Amino acid sequence: MAGTGVLPSVVGIVGAGQMGIGIAQVVASRGLQVLLNDTSAAAIERGMGFLKKGLEKAVKKGGLSSDDAAGTLARINTSVGSLDALRAAEFVIEAVKEDEAVKKEVLKQLDNATRHDTILASNTSSISITRLASATSRPHRVVGMHFMHPAPLVGMHFMHPAPLVPLVEMAKGMHTSQQTFETSKALAEHLGKSVSVSLDRPGFLVYRLLMPLINEAFFLLSENVGSAEDIDRSMRLGTNMQAGPLRLADQIGLDTCLSIMRTLHSQFADSKYRPCPLLVQYVDGGLLGVKNGRGVFQYDAVLGDAMHAHQAHINMSHHISASSPYLRAQHH
């Protein structure tokens, strides 16, 4: 990939969770070959299953042609285990869990498995790109690339979920070269994304603003200031948010939200970033959000749609709402 802003033709993605699958869909839908790797065959099967169902749904709704859906799937090749399968990739995006030690280990392995000129991007939403890049022998080829929830080491953070949200947040590490940054930016733009650029600071731009909001929503909930529904309704209708902070937290993953808040708290040493104990309790209790069907709200396991209102706090004053037609039908 000599030159500035030259697009890769083969993109590797490590991690077949909701972000990794979303990023794979975005990349493949734009005509690029994808090499998708995960340590778990079950994760690959589950992720590809969700992707196929999502594409089928888009075709039925008329938002995507059957040929385009088939082409997207055909351009994704999967592998399990060894990252040597990504040797052909010119650009690799890691989308594993938001844990610095885990990400560093993946990048260290990628450093050994890929060609010396391959760019390594991290989809981290909060961790220092400079520190992550230190795990490799090529810190100048590492970038932060955060795909937002709707999805290299320049910090490249794709938002939830990657196929839907039109933003990629990018961050340079201390040693990231301008060529690495320009190539990464060109890829993001080829994927149809707008790019915002952040300094290499904890949480970057979006999550440094968003996560304290979500954390405060949990404080409101824990103090019984308002119900989950009213907190979200107030922010949706009062500030024009597409989703309220609690529903958005469920979509991102409550474990991810907690990890980011802990990163902000530890890096800034400021009590305003102290994670809400209720958020900690949810994660300790295994209520992680859409990814496992139960968070602040309960979700359909296949579609990720909210089935009914507030999903209970265990042994607290809140209770599970069974008022929706769906649940009433299930009770009869």
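Just so you know, the numbers here start at 1 and follow the chain as drawn.
Including glycine, each Cβ sits where the backbone N, Cα and C put it.
The model shown is predicted, which means the values in this text are computed figures rather than measured ones.
What TrEMBL says about this protein:
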type: DOMAIN; residues: 11-153; note: domain '3-hydroxyacyl-CoA dehydrogenase NAD binding'
type: DOMAIN; residues: 203-299; note: domain '3-hydroxyacyl-CoA dehydrogenase C-terminal'
type: SITE; residues: HIS146; note: site 'Important for catalytic activity'
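On the 0 to 100 pLDDT scale, the domain '3-hydroxyacyl-CoA dehydrogenase C-terminal' (203-299) averages 95 in this prediction. In terms of DSSP secondary structure, the domain '3-hydroxyacyl-CoA dehydrogenase C-terminal' (203-299) contains 66 helix, 5 strand, 26 coil.
Counted within 10 Å of its Cβ, the other Cβ atoms near HIS146 (site 'Important for catalytic activity') come to 29, all protein chains included.
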